[in-house]
């Protein structure tokens with residue numbers, strides 16, 4: 001039992017680091033960009049349907 | 001291990017508390033990557049908001065950028081430069097992001113070469129310009145007014161012309177683009193055959209003409225003396241009324257009743273006695289040819305002291321330039337009139353002025369609109385035909 005868990009230690013350490021880096025460097029940034037882009041896209045489509053914004057004056 | 005296996009392994013690792021990385025390392029690592037990401041995101045947003053980025057594609061560099069360099073917004077005595085994003089990208093965050101997403105269409109266009117030659121660009125220019133006009137007139141020219149402001153204008157320092165037009169505009173808070181189109185680039189050029197009013201009328205053209213019926217020109221129509229249609233004899237104006245004598249294939253022999261001033265060669269034909277509403281302009285030879293143009297007895301116009309004669313003209317033309325009902329023309333003209341002439345003031349009723357007063361009034365105003373030559377002629381003809389001289393109530 002102890003043997004095998006000690007044998008797994010470097011493998012799980014590697015796995016956790018890979019998961020952490022993959023999540024923070026790739027998945028979450030991609031999601032953030034996708035959300036902002038998706039929001040922009042929805043607003044764009046609303047402009048296409050309702051006409052350009054009448055903000056300001 | 002395939003993609004699915006890897007994803008499952010990844011998910012399993014994420015769901016368990018970490019056994020080997022400390023909470024501190026994870027928090028600090030997440031915090032720092034968050035900062036780096038947000039910085040990078042904004043930097044990317046800013047880089048795509050520079051002129052250098054806008055002109056990195058040759059479509060912009062070779063066309064609009066060159067034209068901008070001839071204008072006041074490129075070089076002026078105050079040394080303030082307006083760059084592409086100053087005028088074209090909203091400053092407010094939500095609309096800016098929406099505009100950036102919209103640029104995906106422009107990236108698509110750049111990749112597939114939608115406007116990769118000068119010709120293609122010029123052909124699309126009108127459509128592109130209309131998008132910007134619609135945007136700037138909807139938001140009251142917000143982007144111009146990030147730099148310019150009516151309240152900060154010193155009227156005493158402006159030209160008289162500017163004060164005459166802009167003082168009322170400032171009171172109404174009119175957007176700048178209503179009057180200052182083409183401020184940064186050349187205006188789209190339009191040829192007569194691409195005119196939107198002609199396009200709108202084309203669908204209503206009479207497909208075949210019947211003898212003895214009246215028809216109306218819906219575009220400038222070249223007329224000829226003989227059936228061979230070799231020598232042009234002049235041109236019919238929009239809305240000129242003809243009566244068909246006979247048709248031969250795609251040609252029509254017609255008769256037109258009009259008036260002319262007994263002065264000079266009598267080349268210009270008018271709709272009615274004493275009214276300066278043109279219906280046709282003839283070549284000198286044709287106007288003098290008594291076989292083509294038969295004149296009645298002259299009548300004197302007290303207002304001008306000129307003699308006018310009624311004329312009957314018999315000429316040939318191609319048969320495809322006519323509509324059967326002049327209401328078709330007035331529909332299109334009325335729509336164009338109300339959309340072009342109502343941005344600064346309510347458009348005056350056509351019967352508020354006389355047929356002879358309209359041309360000068362119209363000429364003084366039409367420069368503020370984006371009407372092409374054919375559209376101008378159509379709208380002026382509409383106004384003259386519905387003026388105080390023609391309306392039933394007067």
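Yeah, the Cβs are placed from backbone N, Cα and C, and that goes for glycine too.
Because the structure is a prediction, the values reported are computed rather than measured.
Noted in TrEMBL for the protein shown:
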type	residues	note
DOMAIN	B:19-189	domain 'NapC/NirT cytochrome c N-terminal'
TRANSMEM	B:21-41	transmembrane segment
BINDING	B:54, B:57, B:58	heme 1 binding site
BINDING	B:84, B:87, B:88	heme 2 binding site
BINDING	B:144, B:147, B:148	heme 3 binding site
BINDING	B:176, B:179, B:180	heme 4 binding site
BINDING	B:341, B:344, B:345	heme 5 binding site
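Recorded features from TrEMBL, shown on the structure.
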| residue | record | Cβ within 10 Å |
| --- | --- | --- |
| B:54 | heme 1 binding site | 20 |
| B:57 | heme 1 binding site | 16 |
| B:58 | heme 1 binding site | 12 |
| B:144 | heme 3 binding site | 19 |
| B:147 | heme 3 binding site | 11 |
| B:176 | heme 4 binding site | 20 |
| B:179 | heme 4 binding site | 18 |
| B:341 | heme 5 binding site | 20 |
| B:344 | heme 5 binding site | 16 |
| B:345 | heme 5 binding site | 11 |
### Summary
Note on heme 4: the CB centroid of B:176, B:179, B:180 has further same-chain residues inside 8 Å, namely B:141, B:144, B:175, B:177, B:178, B:181, B:183
### Query
For the domain 'NapC/NirT cytochrome c N-terminal' (B:19-189), what's the model's average pLDDT?
91
## Note on the structure
Candidates B:88, B:148, B:180 (binding-site residues); min other-Cβ count within 10 Å returns B:148
### Mapped DSSP class for residue B:176 (heme 4 binding site), helix or strand or coil
helix
### Query
Which of these binding-site residues is closest to residue B:57 (heme 1 binding site) if you go by CA atoms: B:147, B:341, B:345?
B:147
### Task
Only counting partners 6 or more residues apart, tell me which same-chain residues put their Cβ under 8 Å from the Cβ of residue B:87 (heme 2 binding site).
B:73, B:143, B:144, B:184
### Task
Between the Cα atoms of residue B:147 (heme 3 binding site) and residue B:176 (heme 4 binding site), find the distance and write it as a whole number of Å.
12
### Query
So for residue B:84 (heme 2 binding site), how many other CB atoms are inside 10 Å of its CB?
19
### Message
Near residue B:176 (heme 4 binding site) in space, meaning Cα within 10 angstroms, which of the binding-site residues do we find among B:54, B:58, B:344, B:345?
### Response
none
### Message
Distance check, please: Cα of residue B:341 (heme 5 binding site) against Cα of residue B:84 (heme 2 binding site), rounded to an integer number of angstrom.
### Response
29
### Summary
Per the 10 Å Cα distance test against residue B:84 (heme 2 binding site), the binding-site residues B:54, B:58, B:148, B:345 reduce to B:54
